[in-house]
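Everything on this sheet refers to the single structure shown next.
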Amino acid sequence: MKNDVISPEFDENGRPLRRIRSFVRRQGRLTKGQEHALENYWPVMGVEFSEAPVDFATLFGREAPVTLEIGFGMGASLVAMVKARPEQNFLGIEVHSPGVGACLASAHEEGVENLRVMCHDAVEVLHKMIPDNSLSMVQLFFPDPWHKARHNKRRIVQVPFAELVLSKLKLGGVFHMATDWEAYAEHMLEVMSSIDGYKNLSESNDYVPRPESRPVTKFEQRGHRLGHGVWDLMFERVK
């Protein structure tokens, strides 16, 4: 199952063409465990959408580098990363409430305190809530490839989106993407390479080996067994 990050089309100035759509946190079929997690752990780890920029030091109760993950699915790999790096703060965004509930349940079970989650459109969160020059890392793992040619424009990785991410990264911050769809990997590489301000961290100027920091997902393990490839891209903000 792909992480379905709602991605708008853009006008000629790079502004998102909004579709009228509201996200209800309880949407989707919830298991009892997910419903329990949303009711009990959302007040602790959940972040409501706001038109105002967030203050990360206040949100997390401390100053620490912030990693933003867009489209965390059921949250298993995100929680693993959060637990492995207690010295960092993590904000995860996912539009499907069952995934948010599952992530909250896992985070509670693991006892992590350095994670906050949102159930909203990631592009709108970036525009309205994330301050410029504030993120150490942005992660986008296995977004929907929209593999049919007529749907390619729906892919979240487009020049305006990548430029938006660039503006939110600190100097030296990294945008890390991964996909199991080779054509999308090539598209990501083309988009990212066209933007002044990013440096490809690949020695061969294309893809990087999977870093130890990114856990292998069950979905990815299944792909490996079937002989599917996975492509990681890491681009640093250098100006």
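In case you wondered, yes, glycine gets a Cβ from its N, Cα and C as well.
Of the residues GLU35, GLU39, GLU94, Swiss-Prot puts just one in the S-adenosyl-L-methionine site with GLU69, ASP121, ASP144: GLU94. Of the listed segments 108-113, 150-155, Swiss-Prot assigns region 'Interaction with RNA' to 150-155.
Averaged across the region 'Interaction with RNA' (150-155), pLDDT for the predicted model comes to 82. Shown are the binding-site residues LYS148, LYS218; of these, the residue with the fewest other Cβ atoms within 10 Å is LYS148. Here the CA atom of ASP121 (S-adenosyl-L-methionine binding site) lies 25 Å from the CA atom of GLU220 (substrate binding site).
Residues listed for substrate, LYS148, ASP180, THR217, LYS218, PHE219, GLU220, cover a largest CA to CA span of 25 Å. Here the C-alpha separation of ASP144 (active site) and ASP180 (substrate binding site) works out to 10 Å.
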